[in-house]
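First up is the structure itself, then whatever we jot down about it.
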Amino acid sequence: MSSALVFPLKCAVQQYAWGKVGSDSEVAKLSASNDSNFVVDNSATYAELWMGTHPKGPSTIVSPGMPDTSLAQWVQDNPTALGEKVLHKFDKQLPFLFKVLSVNTSLSIQAHPAKRHAEELHAARPDKYPDPNHKPEMAIALTPFEGFCGFRPLEEIVGFLKGVAEFQAVVGSEAAEALMTAQSSGQPDQVAQAMQKCFTALMTCDKDTVAKQLASLLDRLSKHGDVAMSDSNKELFQRLHSQFPGDVGCFVTFFLNHMRLQPGEAMFLGPNKPHAYLSGDCMECMACSDNVVRAGLTPKYIDVTTLCEMLEYVPSSPQQQIFPCQKHPTDSAVSIYNPPVPDFAVARIQIPADCAQPCTYTLEAVDSASIVLTVEGEGEGTTSSDTNHKVQFSRGSVVFVSADQSVNISCRSKGMLMFRAFCPLD
C-alpha cells in the first residue's frame, strides 16, 4: 500500500470496436511508451485509456516490489487526499473519469441526462441506466478531431430540407413546413417545437422509407448529381453510411453541427446536448456515470423516445460549440477548460521548448486530488511533502497528485505537454 501522496498509476485500456487500429492509436502509443510490457497488436483496436476509479476500468497504483493496489481502495483508505471540499461534496469518491480516446469509426448519436432526469431513468430502468448520476463531458483535441455537437443553424437545416429531397422525405412534408414557418416567425419556442417535431419524425421514420431514401441519395451522390450539399457533407454522409449501412443516423448529418477541432480546441457536452464523436484523438473528462441515451449509429440499445424528448433544441453554429479555455492568471504555461459543472475541470500544461535549461516547472498545489497525463516530453518530479520521493513524468505516464501537493519537475526534454484533471470547487 503506497504511503506517498503523489504516485504513478497503471491504467486500463478499452479495446472497443470503434477504436483506432494498432500503432495508429494514440491510446496504444501512450500505453506502450509508459509500459514496457504493453505490446501493441497491429490487428487490434485501442479505443480508450481510462484514468480514475471507475469499476469497469479502475487504475492501480504502481509501487516497485509491491503488489498493485487499487486507486479506488487507496482513496477510500486515504479520503483526505481528495481535498476537504471534494471529500464532503462527493462522499469520499473521485468525481471524475479522465480518458484518452482514439476514434476510427463513429460513436453513437447520443446525449446524457441532467442529474434529476438520470435519477428518474435509473429508478425506472436500472438495467439500461445503471446509476443516478449525470454525465457531462469535455473533449479536447489532441489531433484534428471530428464530431457532431448541437443542432446546426436553423437556416442550414431548412436549406437541407429544401435542397435534399431524400432528407425531406424521411422528415415528412408536414414537419418540414412547420420548421420553415417557425423560421419565419423568429420565435425561439416555436423554433424549438418545430425542430423537435422534425428530429422526432426522422428518428421514428419507418425503416423501409429510411433505407429507400438512403439508397436514393447515395445513388445520386455516386453519379455526381446535383445535390445541395458541400463536398465535406457529402463525404461525411457517405462515410457514415459505409460504417453503418441503412442507419437512420446517417441523416442526422443534416441536423447536427459537424465539428472539426484543431489540437487544443474543445467542446463541452452538457446535459441534453446531441453529439457523437466521429474521428481523431482527444482527451476526455467526464463525471463518473454510465448513463447514455442513444438513437443511431450504434448496435447498442437505443431509446429514441427518451432522446427526442430530452434534447436541447437550440440552433447554433460550430464556433458557438467550441468551448473556450482560460489562461491561468499567473502561470503562462497553463490553459484551463472549466465547464459549468462541479465535477471536473482540465488544465493543459505546455512547457515551451525554449524554456531556459535546466528547466524546472512547478505543478501547483490545488485543493483537489488530480490526475496528470504526460503527452510529450519528460522530467523528474519531487513533491512538497517529501523531497526525497521521486516521480517520473514521461510520454504516457499517469500520475495521481493528492490535494494540496505541489510537484517540482526538472525537465529533461525541450518542452513538455501535460493534461491535468481536477475538481474545481471554489
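Positions of Cβ are set from backbone N, Cα and C atoms, glycine also.
If you check TrEMBL, you get these features:
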DOMAIN    6-154  domain 'Phosphomannose isomerase type I catalytic'
BINDING   GLN110, HIS112, GLU137, HIS275  Zn(2+) binding site
DOMAIN    171-256  domain 'Phosphomannose isomerase type I helical insertion'
ACT_SITE  ARG294  active site
DOMAIN    336-380  domain 'Phosphomannose isomerase type I C-terminal'
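One way to see the shell of the Zn(2+) site is to take the Cβ centroid of GLN110, HIS112, GLU137, HIS275; the remaining same-chain residues with a Cβ within 8 Å of it are ALA111, LYS135, LEU269, LYS273, PRO274, VAL292. DSSP assignment over the domain 'Phosphomannose isomerase type I helical insertion' (171-256) gives 66 helix, 1 strand, 19 coil. In this model, the domain 'Phosphomannose isomerase type I C-terminal' (336-380) carries an average pLDDT of 93. In space, GLN110 is the closest of the binding-site residues GLN110, HIS112, HIS275 to ARG294 (active site), judged by Cα positions.
Per-class residue totals from DSSP over the domain 'Phosphomannose isomerase type I C-terminal' (336-380), listed helix then strand then coil: 0 helix, 22 strand, 23 coil. In the structure as shown, the Cβ atom of GLN110 (Zn(2+) binding site) sits within 10 Å of 24 other Cβ atoms. Neighbour list (GLU137 (Zn(2+) binding site), Cβ cut-off 8 Å, at least 6 residues apart, same chain): HIS112, PHE268, LEU269, GLU284, CYS285, MET286.
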